[in-house]
Amino acid sequence: MNRNPVYLALDLPRLDAAEALARKVSGHIGGIKLGLEFFCAHGHHGVHELHKVGLPIFLDLKLHDIPNTVAGAMQAIHVLQPSIVTIHAAGGRAMMEDAKAAAGENCKVVAVTVLTSLDGDDLSAIGVNANPYDQALRLADLAHSAGLDGIVCSGHEVGAVHKQWKDGYFVVPGLRPADGKVGDQKRTVTPREARDAGASVLVIGRPISRAEDPLAAAKAIEATL
Ligand SMILES: O=C(O)c1cc(=O)[nH]c(=O)n1[C@@H]1O[C@H](COP(=O)(O)O)[C@@H](O)[C@H]1O
């Protein structure tokens with residue numbers, strides 16, 4: 001049987017609460033995603049603590065800097081043995097190449113294309129004259145040619161990216177169950193739609209972590225997959 005593709009985004013300020021939530025739903029998710037909020041608050045210590053839950057850890061640090069600095073950051077996290085690390089495709093080809101070369105063994109390096117919180121108006125406000133779909137495909141192509149394992153994109157683009165990059169590893173956030181609150185996300189699909197379109201990993205945060213009953217929410221999502 002395939003591993004559960006859901007990585008739970010633990011965007012919570014307290015370490016004890018994050019660990020308790022991860023343990024509670026651990027039988028109904030495939031991994032844990034620790035992002036900027038968690039890492040800035042709890043650093044390496046927090047990651048070591050969450051490893052005790054026994055699931056793969058995805059470190060979503062969205063690195064974006066000059067190639068030398070990003071390579072140094074990648075080396076500094078080897079010890080945390082992440083299964084997946086994010087960098088920003090907008091950092092350019094050399095940055096992506098150096099990040100991949102500096103990554104630890106068994107660590108997938110994936111590039112964020114267009115954040116799921118952005119729409120076409122947001123892109124034009126930062127001087128990008130392409131719609132999110134075209135821009136995501138363009139950056140996916142760049143990430144592929146830079147030798148990365150895959151990309152992060154919304155469920156609207158993952159099908160098209162999958163067609164042109166057959167063996168890529170595709171991380172899809174911005175997921176909402178059919179009746180879910182969208183919040184700050186702008187390009188959303190349901191977990192099932194993302195999986196059917198070719199997502200390798202489904203990143204889900206608030207629909208589980210802010211649910212009245214997180215265990216029931218995780219089980220309900222699992223049942224749709
Ligand atoms: O890299 C990510 O994981 C990411 C990329 C992106 O484009 N959009 C996005 O929402 N994310 C992350 O995915 C998670 C989504 O959380 P929820 O919106 O609460 O499900 C957050 O931890 C975001 O940091």
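Using N, Cα and C of the backbone, Cβ positions are placed for all residues, glycine too.
A TrEMBL annotation is a machine prediction, not a hand-curated record.
Annotation for D60 (active site, for OMPdecase activity): spatial neighbours A9, K33, L34, G35, L36, I84, V85, T86, V203, criterion Cβ-Cβ under 8 Å with sequence separation of six or more. Summarising the annotation, TrEMBL assigns active site, for OMPdecase activity to D60 (among others).
All protein chains considered, the CB of K62 (active site, proton donor) has 16 other CB atoms within 10 Å. Look at TrEMBL and you will find K62 tagged as active site, proton donor.
Following the DSSP three-state reduction, the secondary structure of K62 (active site, proton donor) is strand. Per TrEMBL, the feature active site, for OMPdecase activity maps to K62 (among others).
Neighbour count (other Cβ atoms within 10 Å of the Cβ, all protein chains): 15 for D65 (active site, for OMPdecase activity). For D65 (among others), the entry in TrEMBL reads active site, for OMPdecase activity.
The Cβ neighbour count for D11 (substrate binding site), using a 10 Å radius over every protein chain in view, is 17. For D11, K33, 60-69, T116, R176, Q185, 205-206, the entry in TrEMBL reads substrate binding site.
What TrEMBL lists as domain 'Orotidine 5'-phosphate decarboxylase' is 5-221. Taken as a whole, the domain 'Orotidine 5'-phosphate decarboxylase' (5-221) shows an average pLDDT of 97 in this prediction.
Only D11, in sequence order, out of the recorded positions D11, L61, H64, D65, P67 have a CB under 6 Å from ligand 1.
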